[in-house]
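For 1-46, 264-270, 318-366, 411-476, 623-1130, the entry in Swiss-Prot reads topological domain 'Cytoplasmic', with the evidence type a curator's inference. The transmembrane segment feature in Swiss-Prot is assigned to 47-67, 243-263, 271-291, 297-317, 367-387, 390-410, 477-497, 602-622; the stated evidence is sequence analysis. Sequence annotations record features per position, and here Swiss-Prot assigns topological domain 'Lumenal' to 68-242, 292-296, 498-601 based on a curator's inference. Residues or ranges marked as N-linked glycosylation site in Swiss-Prot (evidence: sequence analysis): 148. The active site, charge relay system annotation in Swiss-Prot covers 792, 926, 1002, and the record cites similarity to another entry as its basis. The feature NADP(+) binding site is assigned by Swiss-Prot to 859, 860, 861, 886, 887, 888, 889, 890, 891, 892, 893, 894, 1102, 1103, with similarity to another entry given as support. The compositional bias 'Low complexity' annotation in Swiss-Prot covers 1103-1122.
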């Protein structure tokens, strides 16, 4: 119980346990899910509203600070603003009531000092007066002090940087009621050290008297300079230990920011998620600041600058990171289960967010409540010095941070998941297109792999927030969202100067917020300690009660007397150049009111332009707001075979295909065909046209396609049916193909849209193939069922027995030693010398770099690894080896080879080169070759397992030494005697072919993929077995992997499609699985062969009375194993 009251940062991992959620947790989680659900249903609305609210808040802050100084500059006119100089002053009382100790009092306005000696103590700082290149600061006697003012110099107080500063200082004390007159008199001090005789001389100008001479641009610069000067003064009068602590605090805060970005990068977001977390924190700060100041709690910049770094470091960004990890994990889990769930139970993006909130929401709220409670306790404490005020502000910041986490940030996560879905869709589609698949088929496959599933339509558009968009709109969407937010705020900031200062009264909610930027009260003892000591001695000796107002230091700068140019600046009109007009308008010197500013032609055009941009932006954002994610209401339907393409939901008009309907004439049918209305003809009419040669057999699918009449699946199925009839009735072959039309070859209920243009032509149906699973087999710590499509009995059972033995020894371990598909074109040259020159150039660094750049430019996935050349007469063979991502990659690499050869012929001086063939059998593809066995092709994998001796005897019914001897004599010596290349195994091809057929691989590549050497040895009484397969050619996208049944098997193995973060990992994992399955098959067959009773066991336990096929070593081996098992059980 006590552990639950500790925040997550302080709890150990062991303290978290899965228990039944209590009543409070269920209620809190339900509220959070409801809030986040409403926010995510309208993501654009949520983001825009919150961003505009935050913009309004900080515009109020700036309107009361930065631009107030800009407006006020027009009222200075070279005069001293005494009230401005007095801001930040502190009052100190000394007398009997304070036991003759300095006591800090409240502001001057709230005190009555009648009958008290009220003095003012001011310090003048002359910038750079001690530097060699500058004039000397004036002495105290050189100041133009009025005759009726009794200002007396007192010792000034040095600061931390005084020993190496170039500034000099003077301090004066005088009666407080003489301060305005005194400051106005000393706003300009002559420079007595100047040697200038002619013209205007420089003077020491008080900082407050410099504003109006520079127009609006100068006023803004003045504000920035004042802010920087205040910061420097604060540093100068701070203690060393305070500076060290604050420096460490700010360093820690920025390290927290860096840690946030690294954490989000590990979760898959390089920038945007971390940036939105920071935006959410800034919004929470603005809202908390608004509420705090509205409630009358005084907050200033000094308090914020000292407290915020430690608040950021203490609270951190753990909660957004935890929620992000939970949402992304839930999305990945839902996506993984999407292929196994029925259409009525498919999870959506919102379901992922709801699941994450259900798992982590209550714990996050609990942590917020604990932290807020601690801050409330700090705010209620009696500790002075700003702690109470900052704790009050921090509690509100955390409250709004919690609210924004489950509204603003969950909306951002919803958009992130949507963008991730679009990226997966586009990546898969482009990878399929690069592998040679048509755009339409690639789009269908990518749509069927989408999560959540979207309607597959024949277009190049994708869905975002329920609306179809082009793929190129994704990046534009992100840029417009961010750019739009920035633009709205730029317009807000830029229009502030055009608002009348009286407008502040119309925003009472923001009236107190501007006080945040008011000058921070100074520490009088750090600024004027020596002067106070002098006053103390005088007051104590006279026993006179004294109040001293310590005025913040006033800076002087040596420059020409700008106050004299103020009058000239006031006389400027709109007749001068437009640039000056605009700057004066921004500064507020010409604008008397908003109405007057609109009358100016330049300003009015600027306002109209800003208004136009705002309207365009709002139109885009609120049009995008209609893209809200809405969950479709899905009525429960009975279980039925799932079809990936959901186009059949559309209702189509019925067409009359009754064979008894009178047939149209041939001329009418041809007219329908020319009008591209052939789909309206009956089947018999279409068969007749095809037999007469009017419709080519390969064009039936294209002819049948009519989206207004039927779906593509139905049209293609009809095309297959018609083609079967055409083949059966073709006069030249009807004697032997006549039975095809009514044969048992199935053709219905198959998605031919994935076949057309990708896998097969002239389709007349599909062949069902028995599919079994072997295993489970543990591979690198993960258990798999191995899908195997075969017509050879007991092959799956044999592999399963090997898997059982391997699992008993701890599973198989695999190592990937190479990954690179190859293509070996043949090029010819007129002479041997030219061919040799080309070989030397390709083998050089220059040739390799040029060909690599050309090759890599053709694909986002293909990356050239190695070039190998061989010369045969005037023919040059070049073997390109490259990575191909998760595709098997033959088409992808062929495009790269063509591009590289073109660049070599046209740009590298080999224009006499002739490309004989893009494939010169130097690859080598679909043929047994020593080059594949030595250099590898595709994935090179080694799989190993250690089988305990007792498992060999009990499960495999064999002996370790017998297995080792059999492997040496059969697989090694026997294959060598036969002159085999890569055939040093028992039956690797059996398993490779079965897995290839089940997972949509190219069965013809079984030739080189089955190259394998099996090794065995006795390791301390245990059997160590390994298979080395240097050329496994597999892919998880493209080819037959796009078919529904085959992709389901890839899904079962967890390697379907392209890997989301590291392209190529899925294909490499499939190669590991194939090698481990071969290892299991090799172990089982060799064990059965080593048993020595194959013939007797096969004859005794053969279940087929009549011979239906020739027995194989596998069937005999597994039958022998069954016989031995049955015998032992008896």
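Every residue gets a Cβ built from N, Cα and C, even glycine.
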By Cα-Cα distance, the member of recorded positions 861, 891, 893, 1002 nearest the residue listed as 'N-linked glycosylation site': 861
Inter-residue C-alpha distance, residue 891 (NADP(+) binding site) and residue 1002 (active site, charge relay system) (nearest angstrom): 13
Alpha-carbon distance [residue 792 (active site, charge relay system); residue 859 (NADP(+) binding site)] in Å: 40
List of residues, in chain order, with Cβ under 8 A from that of residue 926 (active site, charge relay system) and at least 6 apart: 1004, 1005, 1007, 1008
Cα-Cα distance linking residue 1002 (active site, charge relay system) and residue 861 (NADP(+) binding site), given in Å to the nearest integer: 20
Three-state secondary structure, which DSSP defines for residue 887 (NADP(+) binding site): strand
Collapsed DSSP category at residue 859 (NADP(+) binding site): coil
Tertiary contacts of the topological domain 'Cytoplasmic' (264-270) (same chain, 6+ residues out, Cβ under 8 Å): 277, 321, 324-325, 328, 416, 420, 1061
Residue 893 (NADP(+) binding site) versus residue 792 (active site, charge relay system) - Cα distance in angstrom: 35
Alpha-carbon spacing, residue 1002 (active site, charge relay system) to residue 887 (NADP(+) binding site), which is rounded to whole Å: 12
Composition by DSSP (helix, strand, coil) of residues within the topological domain 'Cytoplasmic' (264-270): 3 helix, 0 strand, 4 coil
Mean predicted confidence [pLDDT] for the topological domain 'Cytoplasmic' (318-366): 73
Tally of residues which DSSP labels helix, strand or coil - the topological domain 'Lumenal' (292-296): 3 helix, 0 strand, 2 coil
Residue 893 (NADP(+) binding site), number of other Cβ atoms within 10 Å: 29
Residue 893 (NADP(+) binding site) in three-state DSSP notation: helix
For the recorded positions 148, 859, 891, the one whose C-beta sees the most other C-beta atoms within 10 angstroms: 859
Count of other CB atoms lying within 10 Å of the CB belonging to residue 889 (NADP(+) binding site): 30
